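S.K.: Dropping the structure in here first, questions after.
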Amino acid sequence: MNYFDLPKIDLHCHLDGSVRPQTIIDLADEQNLTLPSRDINVIKEMMVAPETCPNLDEYLKRFELPGMVMQTAEALERISFELFEDAANENVKYLEVRFGPLLHQVKGLSLDDIMDSVVRGMKRAEAQYDIHGNYILSILRTMPKDQIKAVLEAGAKHLNDGIVAFDLAGSEVPGFCHEFVPYAQYAKELGYRITIHAGEQGAGQNVYDAISLLGAERVGHGIFIHNHPEAYQLVKGEEVALETCPSSNVQTKAVNSLSEHPIKAFYKDGIAVTINTDNRTVSNTTMTDEVRKVVEAFELTEAEYFDIYTISVNNAFTSDAVKQHLLSFAQ
């Protein structure tokens, strides 16, 4: 299999974890910000997580530099465009990018400007390359909840025209879903699809709650259903897709090694698994890398790869017309 040439779909990719290191330097210059270094190798080292981190919080430290420069409309549009450009250049045909709008208000940028900027960057890339995309609004579980409705209302202007879904992300504690029931309900009332980060850090119960309490149609990571039979059966029975991110899961110690990742066992048992990057820069990866790692580690056939590709298409938060286009690559 030529992994680069294969059509690919990435349903779980974070904007601020996928910024080009050179872009950090360029934007810091434009914004008169002082970086710890102007050496691209030093900047890259600060942005890329080690192959294994002691925990998820250590991994999340790599987002500090992007957060510094992602405070203007121009920066957000550029970073959005470049992410879709990078993905298109390795034959990613459809990309869903998630980002936390509330993280980009340090300098007073309005929610409307933030939404407009990322969607504009994406649409510019769609016009130039053979790629389709959408944005997912991520709310960090640790942030104050009083602004969640405002985020959802601002995003609604682009609903199904660049923005499609609501997500909860960040550090995962047991039982977090109970606090967010009214917000997920409001998102659904407005027309958002729902995907929730859950079961990334040991609590299979969180996956059960994400589906049963929040109405998650997909789950980010979800790998700890392997030690929670009720969550496992719910995911399988409801055909909830898991957005697995193999390299990231090894880095954050969700699994000890790729060979121990449950993706193959899940797939063989009929669970809807998808292959994704999580963070292209922080995990120092591409979709080509992720597909290669999974196919080689678990000896998947080309037919099995295209089956997983088709699962990704069927679970994408996009129109039937785009899905038909994406399925044409699997013929």
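Quick reminder: no glycine exception, Cβ is built from N, Cα and C everywhere.
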S.K.: Of the candidates H104, H197, H226, H228, which one does Swiss-Prot list alongside H12, H14, D278 as binding Zn(2+)?
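M.R.: The candidate from H104, H197, H226, H228 that Swiss-Prot ties to Zn(2+) along with H12, H14, D278 is H197.
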S.K.: Hey, of G170, E200, H221, which of those recorded positions are within 10 Å of D278 (Zn(2+) binding site), Cα to Cα?
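M.R.: So the list reads H221.
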S.K.: Checking the contact step here: among the recorded positions H14, H197, H221, which have a Cα within 10 Å of the Cα of G170 (substrate binding site)?
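M.R.: Cα within 10 Å of G170 (substrate binding site): H197.
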